[in-house]
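Q: Dropping the structure in here first, questions after.
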Amino acid sequence: MGRTPCCEKGHTNKGAWAREEDERLIAYIQAHGEGCWRSLPKAAGLLRCGKSCRLRWINYLRPDVKRGNFTDEEDELIIKLHSLLGNKWSKIAARLPGRTDNEIKNHWNTNIKRKLHSKGIDPVTHRPINEHVSSTNTKLTCTNQNKPDGEEKSPELNLELRISLPSASP
DNA sequence: AAGTTTATCAACCGCGATACG
DNA sequence: CCGTATCGCGGTTGATAAACT
């Protein structure tokens, strides 16, 4: 028997957060800091499971979360990083200050995917949808997508990865 | 003006990795 | 060392707003 259960079944709210719940969560974290999501809801007087509190805080309530439209630069960076990392949203989010993985994921699925499609690019492989289009292009992107750890990319992308992934061996 | 479709955002669910007893 | 709780992530769904017919 390791630990106590994550959330008491039957006592938790679900669905959209009420303003009062938000305020309680913010107040609690401001007073005690993040961490120990399991015990947080009880301590903060919330009828939510810790998982839900964590998500709400990270995606919405955190003071440094930037809301609003993505800039073209951000779009491009997301596309680049996605071509290197795949659906590693948390890694991508780490390179975009103020953006959350959930937000980026949503943005990708709603906007960027379509944008790439309209350019004739497969958003999964980052290769032209029409396979006969250009064999030279496919060569490059092809190597990229098979090696998510960032070897043999264009120098520009390599640079970005080096900067972004210093924690590879802590 | 009403009904229908599409787009967007917030939240949940399940799983794998990790930490703890 | 093993079993289980917890955390964090990624995929998916649901609710609502906006656009269209």
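In case you wondered, yes, glycine gets a Cβ from its N, Cα and C as well.
Got these off TrEMBL a minute ago, pasting:
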type	residues	note
DOMAIN	A:9-61	domain 'Myb-like'
DOMAIN	A:13-61	domain 'HTH myb-type'
DOMAIN	A:62-116	domain 'HTH myb-type'
DOMAIN	A:62-112	domain 'Myb-like'
REGION	A:122-170	region 'Disordered'
COMPBIAS	A:132-147	compositional bias 'Polar residues'
Q: So what pLDDT does the domain 'HTH myb-type' (A:13-61) average out to?
A: 90
Q: Could you give the number of helix, strand and coil residues in the domain 'Myb-like' (A:9-61) as assigned by DSSP?
A: 31 helix, 0 strand, 22 coil
Q: When DSSP states are grouped into helix, strand and coil, how many residues of the domain 'Myb-like' (A:62-112) land in each?
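A: Helix/strand/coil tally for the domain 'Myb-like' (A:62-112): 32 helix, 0 strand, 19 coil.
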